[in-house]
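Undergrad: Please find one structure pasted underneath; my questions will follow.
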Amino acid sequence: VHFIQTFVNETFLERWDIQLEDYQVTLVWTIIVSIFSLGGLAGAIIAGPMTIRFGRKKCLLLNNIFLMSGALLALTSRAANSFEMIIISRVLIGINSGISMNVQPMYFGESAPKHLRGAISLSSAVFTSFGVVLGQVVGLREILGSESCWHYLLASNAIPGFIQLLTLPWFPESPRYLLIDRGDKEACIKALRQLRGCEVQSSELDEILQEQADTKGMRPRRPWELFADRSVRWQLITVMIISSAMQLCGNDSIYFYASYVFKEAGISDDQIQYITIGTGTCEFTACIMCNLLIERKGRRFMLMGGFILMTVWAVVFTIALSFEHYVSWMPYLSMACIFTYILSFGMGPAGVTGVLPTEIFNQTARPAAYMIAGSMMWINLFVIGMIFPFLVSELSEYCFVPFGAVCLLSALYVGLFLPETKGKSLSAITSEFHKLNFKGEDKRKESQTQAQYQLGEVCLSTAL
């Protein structure tokens with residue numbers, strides 16, 4: 001942070017002979033940080049049309065154009081003496097992230113067998129959290145987190161892109177996309193055979209053929225069409241609430257607050273960077289645990305459990321912050337709350353949120369659903385990034401009370417309205433949501449049918 005802020009100040013001084021005030025440097029730094037979220041929003045919006053036009057696999061490969069361009073701009077920004085290149089780089093990397101976070105779980109979910117769909121879709125979250133840990137390690141002062149290497153650190157995200165470009169072409173396209181969107185049954189069977197490593201089971205192919213029959217003649221849906229369609233009303237409400245809650249639950253904010261808590265616990269500035277790696281490791285470990293448990297316990301249990309635990313830790317964290325100057329061991333409790341909060345997030349919302357759109361929407365609605373879910377995530381991430389400093393200044397030790405409330409309300413929603421999707425076919429899941437979407441109408445139809453039946457009986461008895 002300090003190195004880039006110094007670079008911004010020196011650039012202004014060299015170009016225009018202007019010495020920026022501290023608040024002006026902070027403003028430029030805030031733009032550099034926040035613009036990533038707007039890039040992510042743009043990526044989430046274009047991800048849907050790209051997956052429809054190019055397919056899931058080719059979309060992921062093309063997405064590396066944004067990544068490589070952004071990395072190149074970041075790498076050369078120092079030599080060009082341009083902080084504007086860093087801003088553009090952040091936009092491009094944000095677009096790449098927005099597309100990846102939508103398309104990866106979609107690709108994995110559509111390629112996975114039914115009984116492993118959740119675990120395989122969730123692997124996207126596992127490797128995202130692994131990337132966070134790697135970023136924290138590479139960002140150590142001894143590696144790339146120094147004054148002479150910060151531009152290499154910003155460009156280091158190109159390495160996973162190179163690995164993907166080398167490996168992904170050898171993998172097949174999504175079998176569901178090949179059969180339902182392209183109508184190519186032979187390519188679908190070939191992809192399934194390559195993915196499973198054996199002959200295709202007739203039950204799995206029949207399920208995809210059934211979904212193809214259900215969506216025959218239907219074109220890919222647009223986001224605004226989903227809002228007008230009553231048959232997907234509760235599915236849409238669900239992904240919007242859960243995707244928003246993933247950012248509004250305060251997990252990203254607790255990373256921001258961690259340095260302050262560690263300082264209060266007596267940890268020196270030099271040591272904080274090593275402790276911070278522990279926060280990323282916590283989320284990575286929790287995502288692995290969630291991956292192992294999701295097919296045993298189910299999506300509903302993991303989501304609700306994660307949000308309930310986060311509510312509890314938000315309350316404990318608030319108490320610990322309130323008494324940290326009165327009780328000697330309270331700062332250590334605050335430290336423990338940071339790790340348990342991140343663990344709880346990783347066990348539930350971090351992984352399960354990305355799985356839901358794949359499971360509760362059909363092939364024609366899925367890209368649009370991911371566009372909406374991704375947009376909600378990035379908009380709320382941007383909002384939190386903007387308002388959290390004000391929350392801290394206004395609420396001080398009570399700044400996590402709003403996040404606790406969000407977690408509690410999200411847990412209640414999941415418990416009351418989200419049906420379990422573990423191991424179920426799309427038709428079975430759709431049937432459960434149908435009861436919610438047409439709850440009043442179904443009852444009216446039943447009563448009308450009953451009345452007509454009784455009227456028929458009366459007429460029949462009168463005639464006799």
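The backbone N, Cα and C atoms fix where each Cβ goes, and this holds for glycine too.
Residues annotated as domain 'Major facilitator superfamily (MFS) profile' in TrEMBL: 1-422. What TrEMBL records for 27-48, 86-107, 119-138, 150-171, 272-294, 301-323, 329-356, 368-392, 398-418 is transmembrane segment.
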Undergrad: With CB pairs under 8 Å as the measure, which of the listed stretches 86-107, 150-171, 272-294, 329-356, 368-392 comes out on top against the transmembrane segment (301-323)?
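TA: The stretch with the most close Cβ contacts to the transmembrane segment (301-323) is 329-356.
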Undergrad: How about the transmembrane segment (27-48) and the transmembrane segment (368-392): at least 3 CB pairs under 8 Å, pairs 6 or more apart in sequence, or not?
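TA: Answer yes, regions in contact.
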Undergrad: Who are the long-range neighbours of the transmembrane segment (119-138) in its own chain, taking Cβ under 8 Å and residues 6 or more past its ends?
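TA: Non-local partners: 101, 104-105, 108-109, 111-112, 144-145, 153, 156-157, 160, 276-277, 280-281, 283-284, 286-288, 290-292, 294-295, 346, 350-352, 354-355, 358.
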Undergrad: Where else in the chain does the transmembrane segment (272-294) make close Cβ contacts, counting only residues six or more beyond its ends and a cut-off under 8 Å?
TA: 118-119, 122-123, 125-126, 128-130, 132-133, 135-137, 139-141, 145, 255, 258-259, 262-263, 302, 338-339, 342-348, 350-352, 355, 422
Undergrad: Give me the stretch from 86-107, 329-356, 368-392 with the greatest number of Cβ pairs under 8 Å to the transmembrane segment (150-171).
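TA: Per the Cβ count, the answer is 86-107.
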Undergrad: Is the transmembrane segment (329-356) packed against any residues at least 6 beyond its ends, judged by a Cβ distance under 8 Å, and which are they?
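TA: Result: 101, 104-105, 109, 117-118, 121-122, 124-126, 129, 238-239, 242-243, 245-246, 249-251, 254-255, 257-258, 261-262, 264-266, 278-279, 282-287, 289-291, 293-294, 299, 302-307, 309-310, 313-314, 316-317, 320-321, 323, 373, 377, 410, 421.
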